[in-house]
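Student: For reference, the structure I am asking about is given below.
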Amino acid sequence: MSVRGAQRRYVSTLRIQLSVPASGGGRRQPTRPLHNLTASRKTGEGTPDSVAEGNGLLGIRNPPLFLEPLQDCLVDEGNDFTLRAVITGSQPISVSWLHNGKVVWYGKSSFIGREAILVVRECLPEDAGAYTCVAENASGKTSSSSAVCVKEMIIGVWSNPTQSSRSPPSCFLSPHIPVLETRGLCSPSSPRNTLEGCKLSQFGSPEILLPAHRKEVPVKRRSSSATVPPMKIVDPPDLVEVRAGGCARLSCVFKGSIPIVSCWTHNKKEVFEDSRLSIESSSKGSSLVISEAQPEDSGFYTLTARDRNSFAHHTLTLSVIERPQPPSSCPVVCVLSPDSVVLSWSGPCYDGGSALTGYLVEVLSLGPDQTGHWSELSANCKSTSLRVRSGLQPQGQYRFRVRACNAVGVSEPSEESQPIKMDAPAELQDEMTEYVNVTIDDKHKVTDHYNVLERLGTGRFGQVFRLTHKVTGHVCAGKFYKGRRTSEREAAKKEITLMNFLHHPKLVQCLAAYNNKPEIVMVMEFIAGGELFERIVDDNFEHTEPTSVGYMCQILQGIEFMHKQSIVHLDLKPENIVCVNRTGTQVKIIDFGLASKLDASSPLRVMYGTPEFVAPEVISYEPVGPATDMWSIGVICYILLSGESPFQGGSDSETLALVTAAEWEFVDESFEDITEQAKDFISSLLHKDTRRRMSCEEALFHSWMVAFKSEQPNTAKNLSKEKMKKFLARQKWKKTGKAMLALKRMSMLTKADNSASLPSSAHEHALKSLEKKMQLKPEFTKSPFDLSVFEDSTAQFFCQIAGYPDPEVVWSREGEPLEESEGSVKIEYEEDGTCVLTLENASLQHSGTYSCRATNIHGEALCSAKLTVVDQEDAMMS
């Protein structure tokens, strides 16, 4: 290496010892043919190696392993170099190559058998660096790296006068090292300007002679600095809403150094244009336009933009809103009087992507003289229940249906209710005073004694239908167990057996059971009032701390009776506390499908329950008992008073972790109107140590219970129902499998950071796509103008160049390359692509045509301008 001023020149040497070729048995192996080196491996093609690499055992897959890793390589500029590795492992194996951590887009790569090869032709100095071969299959991923050094050359051919006339002259790379043949050497400015070699015969002369010193073309490369601002997306939107069928435009503005490319991804996949999607991109921004938007288009969209130096990305949310789906159930009707009913229903499975604004309730009057038209009972009911006090006639027959409303419009109607006759309100039932010990009837079917009417709900066990007794007209609920498996039938029999011990006014009763093969049917007491929490959020219903004491007292009375029978419920939650009717405040406990009888000689351990309400000992698989139910009662009381769940996490696993640690607190905002006695009641139940939890008997005599039993509800302050409504909405979404789109929308709208990083796989794919888009042959976005200047003044030609990889620039005058010299010629090539040629102290000899040639691997571009230098004296005289 020699240093000349500020420039460095690298001189490389290649020594080849001349020898007579061996006739055979030599160590040098023949070179593999070129077409074999570059052959592509077909996906799924079996090889003998793939069989051997399975260790002879079916089903065992081995990750990739480098038997022969990459080797470091030293190569002269303009020559070819080859990197080779041998890889073993279970097929198929995918192989990729990286250069300085970036994907290699040049060269020829192949993977045949176990041999991975990368061949780079006519290498340039910028091809030097670290090369990595990455091998990956379904069982794992590994890599091997090596360093490639590229040496610049000075080329010369020398003739040794002392050689005999019969001796062949030598082609030299330095004055003293002879070379028989050199192939592939090239000029940095023109990769195709190659010396094919000094082709010599035994007695001949060289066919090509080069001058001893070659004048290098002065190439100018674009400057780079750390002061260039990084790529930036400016004030992007976080949420875009559009109605279904409308046109959605997702737009982002960005700043960076040209060239700038961008792409959009949706659900980790790159978005491409089609009949509905179009992308409008420029160096200043990008827009994704979706025509006739559908709910399936909702989700996260990420724009990734990059320039020469950096990249930026932003994720925004598209919400396509439409009319909601109909309410998921038909209205359940409870007749209160000859002209008054209470309707209740379930909300829609999908709200259309926009919050519900209310419900439209309609009625149809039945009879021979009726028109058959539906009329409105309420145009904007805010909850999922409605008390109808007018518009109904005594002895009239009616059907009811409900529509859901949001900002877009009104849904289709729900299923119609069963016909209701006002003068015979079959739903009004007297509270049971006699109890029945039930045995399973194997001789009859349920339809022999009962009419099976509409379905009331579904659960993990099966379905529930409304029944009416064929003789008495008594209304009941039929619980239809699936019973296809032995375990299901045994669970039904167990529940029936336990319910024979649970004869108490606060516990729902089993009235009969039928072996309806393959189903088992339990005929249950019909509870018309609906879930307690649904009742509480009704705008017409009072919710105070004293009324909450009344509910908790009834729950404790029912559970106390169960515990005295050595039975634990193990699934206490708000859905299993129901109101007896729509007017009173009496409640009952339902669903004993998970209940179990305790045995002192055999501790009971279970692994089931609802995450928000399950006790810590269930999660840790420790013995359960009455205290397990008391924990659940504490959680129910917490929600009843505040509308919030003490252990609600972002997921079931997070919720279970909070329960296990027994981490909870009283939120100040939610408990500011709640008495300290109520807080002490809850705290006495939510102890991780089961021994510190109150029993039912202790809870019934707690000071909170005693203090509020005599207080009149109308003197107490009403509690807020808003958080309770949100809690119920969340529970409904969890229970329905059709709510996936709504859950997706909720997660989008509550996303904490919309600019979160892309998943690594999607991120890598986006950058690879942009790397391809960045590829551009040189072009002049601004060309220089012809100039006319006085002698001894300064002339400047300006142009701006785009292209990727960055083009190299050569300025020339009348075809002769210009070199920079202090005080005369200066060439500046800025990071933004601006290139300036400055000629100081211009003389008449400087006149002529100046050209700028920009070159990269994709091609070249040329622009020219004329310079006329005028003698100032001649100009003044003329």
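Even glycines carry a Cβ here, placed using N, Cα and C.
In case it's useful when we look at the structure, here is the feature table from TrEMBL:
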- Lys479: ATP binding site (BINDING)
- 63-149: domain 'Ig-like' (DOMAIN)
- 229-319: domain 'Ig-like' (DOMAIN)
- 323-425: domain 'Fibronectin type-III' (DOMAIN)
- 450-705: domain 'Protein kinase' (DOMAIN)
- 778-868: domain 'Ig-like' (DOMAIN)
- 21-50: region 'Disordered' (REGION)
Student: Need a quick answer: max count of Cβ pairs under 8 Å to the domain 'Protein kinase' (450-705), which of 63-149, 229-319, 323-425, 778-868 is it?
Tutor: 323-425
Student: Count the other Cβ atoms sitting within 10 Å of the Cβ of Lys479 (ATP binding site), across every protein chain shown.
Tutor: 27
Student: I'd like the per-state residue tally for the domain 'Ig-like' (63-149) from DSSP, helix first, then strand, then coil.
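Tutor: DSSP composition of the domain 'Ig-like' (63-149): 3 helix, 54 strand, 30 coil.
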Student: Could you count the residues of the domain 'Ig-like' (229-319) that DSSP puts in helix, in strand and in coil?
Tutor: 3 helix, 52 strand, 36 coil
Student: Per DSSP, what is the residue tally for the domain 'Ig-like' (778-868) in helix, strand and coil?
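Tutor: For the domain 'Ig-like' (778-868), the helix, strand and coil counts are 3 helix, 58 strand, 30 coil.
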